[in-house]
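Q: The following feature annotations were taken from TrEMBL:
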DOMAIN    196-621  domain 'Anoctamin transmembrane'
TRANSMEM  204-227  transmembrane segment
TRANSMEM  239-257  transmembrane segment
TRANSMEM  310-333  transmembrane segment
TRANSMEM  353-375  transmembrane segment
TRANSMEM  396-417  transmembrane segment
TRANSMEM  429-451  transmembrane segment
TRANSMEM  498-520  transmembrane segment
TRANSMEM  550-573  transmembrane segment
TRANSMEM  585-609  transmembrane segment
Amino acid sequence: MQLGLSVSDSDVSSFTPLVVLELADDTKAEAITWLLNRIRDKQQNGGETPGMLHLGKEKPNPNVFLVGSTLQRLLNGAEDVGLFKEFQDGTMRGFTYANRESFKDFNGEICDFILSDAECQYIIKHELDTLRAKNEEHVPGYPKLKLYPGKSVVRRLQSKGVLIQYFPLHNKEDLKRLSFSWYKKFKLSFQPLDDIRHYFGEGLALYFGFLEYFTFALVPMALIGIPYYLFDWEDYDKYVLFAVFNLVWSTVFLEVWKRCSATLAYGWGTLSRKKAFEEPRAGFHGALGFNPVTGREEPVYPSSKRQLRIYLVSVPFVLLCLYLSFYVMMVYFDMEFWAINIYNENPDIATSILLFVPSIIYAVVIEIMNLLYRFAAEFLTDWENHRLESSFQNHLVLKVLVFNFVNCFASLFYIAFVMQDMVLLRQSLATLLITSQILNQVMEAFLPYWLQRRRNKKVHKRMRRLMGDKELPLLGQVQLETEMNTYLGTFDDYLEQFLLFGYVSLFSCVYPLAAVLVVLNNITEVYSDAFKMCHVFKRPFSEPATNIGVWQLAFETMSIIAVVTNCALIGLSPQMKAYFPESDTQLILIVVTIEHVLLAFKFILAFVIPDVPKHIQVNLAKLEFDSLEALKKRVSTHLCRWCQWQ
C-alpha cells in the first residue's frame, strides 16, 4: 500500500485528515475522477481547495480517500454554517471571516483556534452535502445514474450505492485524553461535557448532560426510597406520602432541566444560532418539479399521497400492533394466575421462584416486540416519504413512543386500576425494570463490544497479511474505522431514559427502590455509552443542538400522565378511602379536583419559571442591540459616502 497525494497541491506532511470517503470497490475510474474534481472545484469564493489523500489498494478497497481542508476554507465554512464563537468581550457571536481576529484565542493557527476537530469535520460535511449538480447530467460510467439540477451529488451517489459511506476520522490524541477524563477512572463527579462537546458536538453532549442531570435528580428519590422500602415494605397502603413527593419531583424536574439545557447551549454558542435551512432527505423521492422557495428543480411529492399513506396504512398498522400488545398482555396474566394457583396449592421455594417466571418472560417478550416494532416503524416512516429529516424524526418518534408506552406500561395500569393489586403491581414493576435493564446492558454494551473486538482482530490479521512488517498507523486506523459500527444517533438512548422516567414517575410510590435501580443503571450507562462512543462506533458528525428537541415534549407528556396516575393511586389508597367510607363518588370528585389543581399548578410553574436564565436573556438582548447598532453605523457610513460622492 502506497500512501500518496492523489488530488492536492499541498504537501503530505502538512495535510490533516478529517473525513473518510469510501466508494464502492467496483466504482468506475471516470466516476471517481469526476467526483473528486467536483469536490476540488466546490470552492467559489477564493481560497484553496480541500486536500485529498488517497489510500488506494487492491484489497480490501482501493477507493478510500481522506479529505482535509485548508485553514482559510475552514474559516470561511465556519461563517457559512453559522457557527457562534466567543468574542473578546466574552459574549457569543456569529463567526465572520472578516472579523476573525476579534474572536478569542485566534492567532492564525488552526490548532490554537477555538475551532474544534468536530466543527471542522462538520464544515467539510456541509461542503460535501451542498455539492449540487448544476445541470441535468449523468455520472460518468453510469448512464442510468441521472443527476437533476440542484440535487445533492453526494446523497444521490449514496442512495445508489456508489458512495458507501463518509464519516469523520477519530483523533487519537484527543480521544485518549477524553477517554481518560470520561470513563477510564471511576469517579462520582460531573462528566467533562465541554470536552465531549468539543470532540463529538453539541447534540451528543446534550444527551450526556441530560443523562447526568437525570441521574443526579433521582438521588433524592433514591435516598427517600431506601428507608421507605425498609420500613414500609409490607405495608403497601402507606404510599400516599411518596406519591405526593413523586408529583412534586416530576413537575420540577423538567422545568429545571430546561434552564440547565439553555445554560449549556449558550456556553456552546448554539442557543442564539439560527436554524439552518433544511435540505431534502437523502431517501426523499418524487416527480421532478419546481421548488418556489429555493428556485430549483427538485423532486416533489404531493402531501395528499403522504397523508393517505399515513392514515390508511401506518395508523392501522400501529393499531394492529397495539392490539397484539394487549393480547400478549392477557396471555401474561393467564400465566401469572397459573403460577399463583400453583403456589397456593403447594407453597415452597420452587413455587415461590415460579411466581417471578411469568413476569421475566413477559419482560423479555416486551423487549423483543419493541425491537421488532422499531424496525417496522422505521420502514413505514421511510415509506411515507417525508421530505425533511425533522418531519421524518417527529413521525418516527410518535410511532415508537405510542407503542413502547402501551407495551411497557399497559400491564402495570391494568394491575393498578383494574385488579387493584398493589402487591402484584410492585412485583411486576420490579421484574420489568430489572429485566429490561439487564437486557439493555447486554444488547447495548456487551454485545456490540464483543462483536467489535472480533472485527478488530480480523482487520489486524488482514493488515498484517497485506503489509507484513511495514508500519502505516494511519492506514491501519482508517481500515479499522471503516469496519466499525455506525452510530445511529441518540434516538434509542433517549427512548431508554424516557421509559425509565416513566417507571419512576408513574409507579415508584408502590416500589420505592425503582429510583435506586435507575440510578445504578444510569451510572453504568454513562460508562458503557462513553466506551461505545470512543471504541465501538465510528465517530459521528457533530450536529449543532439547542436542546433535546422533541424528547422534551415527550418527557413533559409523561410528567402530565404521572400527575394523573399518582392522583389516582392516592385515591385508591385505604387512607383516602377511610375518609369516605360510604361515598365513592365524593372521593372521585375530590381526587379529580386535586388532579386538575396540580395540573394547573404545573402549567403555571412552567409559565412563571423562564426556560432561559435571566442573565442569559440579558446577554442575548445586549448582543441583539449591539448588532442593530453596528448595522445602523454601517448604513450611516455608506449614506455619508454616497452623499459625498454626489
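Positions of Cβ are set from backbone N, Cα and C atoms, glycine also.
Annotations in TrEMBL come from automatic prediction, not curation.
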Q: Hey, which bits of the same chain come close to the transmembrane segment (498-520), Cβ under 8 Å, at least six residues off its ends?
A: 214-215, 218-219, 221-222, 224-226, 228-229, 236, 239-240, 242-243, 246, 249-250, 401, 404-405, 408-409, 412, 416, 422, 425-426, 429-430, 432-434, 436-437, 551, 554-555, 558-559, 561-562, 565-566, 569
Q: Mind checking which residues of the chain, 6+ beyond the ends of the transmembrane segment (585-609), have their Cβ under 8 Å from one of its Cβ atoms?
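A: Contacts with the transmembrane segment (585-609): 247, 251-252, 255, 259, 559-560, 563-564, 567-568, 570-571, 576-577, 579.
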Q: Any contact between the transmembrane segment (239-257) and the transmembrane segment (550-573), i.e. 3 or more CB pairs below 8 Å with pairs at least 6 residues apart?
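A: Yes, the transmembrane segment (239-257) contacts the transmembrane segment (550-573).
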